[in-house]
């Protein structure tokens, strides 16, 4: 009995250490982390993001999506940026990440080179991705917010770690709540972060069944369904990407929520945010108020940026974002 008590005690202590470690990583973050060591950091990254957005508007959505996919698997540690090597398929090549667009990776790579030219070996790829995400949002009309910095880059990246960690186009609200809750995020954060789809694209395979199913998805606006049929062949002979917000595809705004009110959510997991009574009030509120939406979104994405932050011996600063040191 005494051994049992001791075992339980050690088990509780171990859980406490794990919890404290997670908190300590996030508590190391600050908005002025590089103010002395690399004072021009944010302007350097902003310049790169601006140029990449001018080159290709897909930079906006692909950079934001890259950040989300990174943070939801092993935390915000740039592990999604690591390229696979023979015998070690990384997060980048997991099925759920194969659709991540080249423009996001390229934005971080170029920004890292520019930052290291001014401040060698001082800034992590994880922090650069965080800044680039904020800039992609703000430069496309979304809210500007101070970014918390001080992350280290992760030391591990495996394709096998991705399965079951990311929401799917067909996820139920309960499934998404469970995924988000595992990272300390709420139902409100789901509704807020889903608005990133206002500058996103989705391949036809992610929603074809909604358009051509027997019967077709009744929650999809019939006019919108007819439009989607002109973009996506019924036989699946091709799988082109489609803008998720046809009204303001290059603006980070609250049009996403107005689309949901009109039955214009492209993915089933988008539309259910309006169809479900638990989340509809927030959709309606943020559809009607840009200010309220901006507050909710900033709160959610700052919280997302604290997930699984690496510090101390759990990480390092990579010399090259796609290769371990």
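Every residue number used here counts from 1 along the chain in the order it is shown.
Positions of Cβ are set from backbone N, Cα and C atoms, glycine also.
What TrEMBL says about this protein:
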type: BINDING; residues: 70, 73, 75, 77, 79, 91; note: Ca(2+) 1 binding site
type: BINDING; residues: 167; note: substrate binding site
type: BINDING; residues: 197; note: heme b binding site
type: BINDING; residues: 198, 245, 248, 253; note: Ca(2+) 2 binding site
type: DOMAIN; residues: 28-325; note: domain 'Plant heme peroxidase family profile'
type: SIGNAL; residues: 1-27; note: signal peptide
type: SITE; residues: 65; note: site 'Transition state stabilizer'
Candidate binding-site residues 167, 197, 245, 248, 253, pick with smallest Cα gap to residue 75 (Ca(2+) 1 binding site):
167
Among the binding-site residues listed here (79, 198, 248), identify the one with the smallest other-Cβ count within 10 Å.
248
Same chain, not part of 198, 245, 248, 253: whose C-beta falls within 8 angstroms of the C-beta centre of the Ca(2+) 2 site? Give them in sequence order.
199, 247, 249, 251, 252, 254, 255, 256, 259
Between the Cα atoms of the residue listed as 'heme b binding site' and residue 253 (Ca(2+) 2 binding site), what distance do you get, rounded to the nearest Å?
10
Least crowded of the binding-site residues 75, 167, counting other Cβ atoms within 10 Å of each Cβ, is 167
Out of the binding-site residues 167, 198, 245, 248, 253, give me the one sitting nearest to residue 70 (Ca(2+) 1 binding site) by CA distance.
167
Same-chain residues at least 6 apart in sequence with Cβ under 8 Å of the Cβ of residue 65 (site 'Transition state stabilizer'), in sequence order, are 100, 101, 104, 196, 200
Between C-alpha atoms, which of these binding-site residues comes nearest to residue 167 (substrate binding site): 73, 91, 198, 248, 253?
73
Express the distance between the Cα positions of residue 198 (Ca(2+) 2 binding site) and residue 73 (Ca(2+) 1 binding site) as a whole number of Å.
23
Using CB atoms and a 10 A radius, I'd like the single residue among the binding-site residues 70, 253 with the highest neighbour count.
70
